[in-house]
C-alpha cells in the first residue's frame, strides 16, 4: 500500500492546479528552443498539406504519407535495439538536408511549372521528415509528464497559429519560409538537448520504469487496432463524400487553425492551470464527436455545410497529433523500448489506415445521395463503437495520462501519505511501485517543480514516517541514500551531512506548515545557507528577478519581511522538533 501510494504520488506530482503554481513550476524552465517542434509542423503544412487551403493536398499528401510509412517501418526495424550516437548524427544531417531540398524544389516548381520537380520533392520530403520530426521524441523522453504535456500541446497550438499566417501567404513566400524551417528545427533541437544537459544538476530528469513491459500483448494490440480503425474512419471522412479534397475558404481556414490552437491550449489550461483530471478516453471522445459532426455535415451535400464539415474533420485530424505524441511519450517512459521506436509504431498505426481510407473513398466512393448517407452512417457508427473500445481500462497496469488524475484521486493519495487508513486504494498492477520525492508534495497538497537536490531526497522520504517506521525505512531504501551519495560527490563529511540534514528537516517542516512548493522550499534552504541572489539564480537556472519573486512569495506565506525573520522561523521549527 505504501509503495502504491508513493508511486501514485510521483505520477501526480507534476499536476499543478493554479496559474500561480503553473507559473512558478513551468515558466522558469521554458526556453525558446524547447518549442522547435513548431518548425517541423510549419514545414509539414507548407510542403505536405499545401498550407491547409483544403482538407489535404489530394494524391500528393497521400503518396507522401504512404512513403513515410514505409520509411518509418524500415527505421523501426533497424533501430529497435537502439541507435548509436554516430547513426543519430548521420540521420540529423540527412533529415535537415532532405527537407530543405524538398522545400527548395517546391519553391522552384512555383517559379517553373514546366519542371516536373514535385515527385522528387515528395520523395525527399518523406525521407527527411521520418527523422526530422521523429528525433524530437528524444527530447521529450527527458522531460517529466507536466513539461511533456505543455510542449506537446503548446507546440501544436503555436504551429497552428503560424500555419494560419502561412495560409494567407503567397505560395512563393510560404515555400521560402519552409526552406528555413528544417535548419531552425535542428538548431533548436541541439540547443534543447544541451539545455537539458546543463540543468540536469538542478532539475533531474524523471526516472523511468518498464511498467508496460508487463502489459499483455493482447491489450496493446487491441488498443492499436482500435486506433487504426478510427484512423481508417477518419481517412474516409477526409475524402468524404466523393474522394476529392474540399477547399477551405478564409473563414474556414481561420476556424480550422484557431480551433486546433484553442483545443490544445485548453488541454494545458484544464490540466495544469485549473488542475482538472485528464483521461485518454475523454480526448478520444472529443475526436469522435468532431468526426461525426463533420461527416453529418458532409453527408448533406450542401456546399455551405460541407465546408464546415470539412473543418470539423480537419480539426479532429490535427488535434489527434497532440494526443498520439503524448501517448507515445507516456508509453516510452514506462517501457524498455527506445522512444523513437515507440513513436514510429504509433505513427505507422496513425498514418497507414488513414491513408488507406483516403484512397478507398477516392476509388470506391458513393455516387448517389442514398449511398452517401449510407456510407456516412457507417462511418459514424464505426466511430461511435470505437469510443467505447478506446477506454482508460484498456491497460491493466497503468492508464495513459496517469500523471493527471482527478482531484479526488490526488486527495486520496495525499490522505494515504498522511497515514489515514483506507484513504488510497491501489489500482491493479501497481505492485512494486517506487517511492519518490513527489510524496512530500502530495502530502502537503502542494504541486511541486522538479528542482531536485539532496534535500529533495529527504523531503521525499519524510512523509512516509506518518505511515510508520517501516514505511519510512522502505522509502529511504528505495531512494538509495541519494542524499549521502550527492554529499559524497561534493566532498562533505558526516558532520556537514548532519548539519545539512538538520536544515533539510527544518525546511521540510516549514514547507509542510505553510504549504510551500518544493521550489520555494529550495529557496528557503539556499537563503538560510547565506547564498546570494546570483548564486541561487545560477543553481536553479532562473533569473534574479524570478528569485526575488519566489522570495517575496515565501515571505508572504510566512508573514515575514526579512532574511533574519526567515532564519528565526527555521530555528522555531528546530525547537518544535
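Residue numbers in this text run from 1 along the chain shown.
The backbone N, Cα and C atoms fix where each Cβ goes, and this holds for glycine too.
No curator has checked TrEMBL annotations; they are predicted automatically.
Long-range contacts of the transmembrane segment (26-45) within the same chain, counting only residues at least 6 positions beyond its ends with a Cβ under 8 Å from a Cβ of the stretch, are 16, 51-52, 99, 103, 129, 132-133, 136, 139, 146-147, 150-151, 154-156, 158-159, 162-163, 166-167, 177-178, 181-182, 184-185, 187-189, 191-192, 195, 199, 203, 272, 321, 449, 519, 540-543, 546. Annotation source TrEMBL lists transmembrane segment at 26-45 (among others).
Feature annotation from TrEMBL assigns transmembrane segment to 57-78 (among others).
Residues or ranges marked as transmembrane segment by TrEMBL: 90-110 (among others).
Within the same chain, residues 36-37, 40-41, 43-44, 47-48, 60, 63-65, 67-68, 71-72, 75, 88, 91-92, 94-103, 105-106, 108-109, 182, 185-186, 189, 325, 328-329, 332, 339-340, 342-344, 347 sit at least 6 positions outside the transmembrane segment (116-137) and bring their C-beta atoms closer than 8 Å to a C-beta of that stretch. Among the features that TrEMBL reports, transmembrane segment is placed at 116-137 (among others).
Annotation source TrEMBL lists transmembrane segment at 149-168 (among others).
Note on the transmembrane segment (174-192): residues 31-37, 39-40, 42-43, 46-47, 51, 92, 95-97, 99-100, 103-104, 106-107, 110, 128, 132, 135-136, 139, 166 of its chain, located 6 or more positions outside it, place their CB under 8 angstroms from a CB of the stretch. Marked as transmembrane segment by TrEMBL: 174-192 (among others).
As annotated by TrEMBL, transmembrane segment applies to 223-242 (among others).
The transmembrane segment annotation in TrEMBL covers 254-272 (among others). Within the chain, the transmembrane segment (254-272) has long-range Cβ neighbours (under 8 A, six or more residues past its boundaries) at 15-17, 22, 26, 52, 146, 149-150, 153-154, 156-158, 160-161, 163-164, 167, 248, 278, 283, 286, 308, 311, 314-315, 318-319, 322, 404.
Per TrEMBL, transmembrane segment is recorded for 284-301 (among others).
The transmembrane segment annotation in TrEMBL covers 307-328 (among others). Residues 41, 52, 54-55, 137, 140, 148-149, 152-153, 156, 160, 227, 234, 237-238, 240, 246-249, 252, 255-256, 259-260, 263-264, 267, 280, 283-284, 286-287, 290-291, 293-298, 300, 339, 342-343, 346-347, 350, 354, 400-401 of the same chain, all 6+ positions outside the transmembrane segment (307-328), place their C-beta atoms under 8 angstroms from a C-beta of that stretch.
Taken from TrEMBL, the feature transmembrane segment applies to 335-352 (among others). Long-range contacts of the transmembrane segment (335-352) within the same chain, counting only residues at least 6 positions beyond its ends with a Cβ under 8 Å from a Cβ of the stretch, are 65-66, 68-69, 72-73, 75-76, 79-83, 134-135, 137-138, 140-141, 210-213, 224, 227-228, 231, 320, 324-325, 327-329.
The transmembrane segment feature in TrEMBL is assigned to 372-390 (among others).
Residues or ranges marked as domain 'HTH luxR-type' by TrEMBL: 509-574. Averaged over the domain 'HTH luxR-type' (509-574), the predicted model reaches a pLDDT of 82.
When DSSP labels each residue, the domain 'HTH luxR-type' (509-574) comes out as 52 helix, 0 strand, 14 coil, counted as helix, strand and coil in that order.
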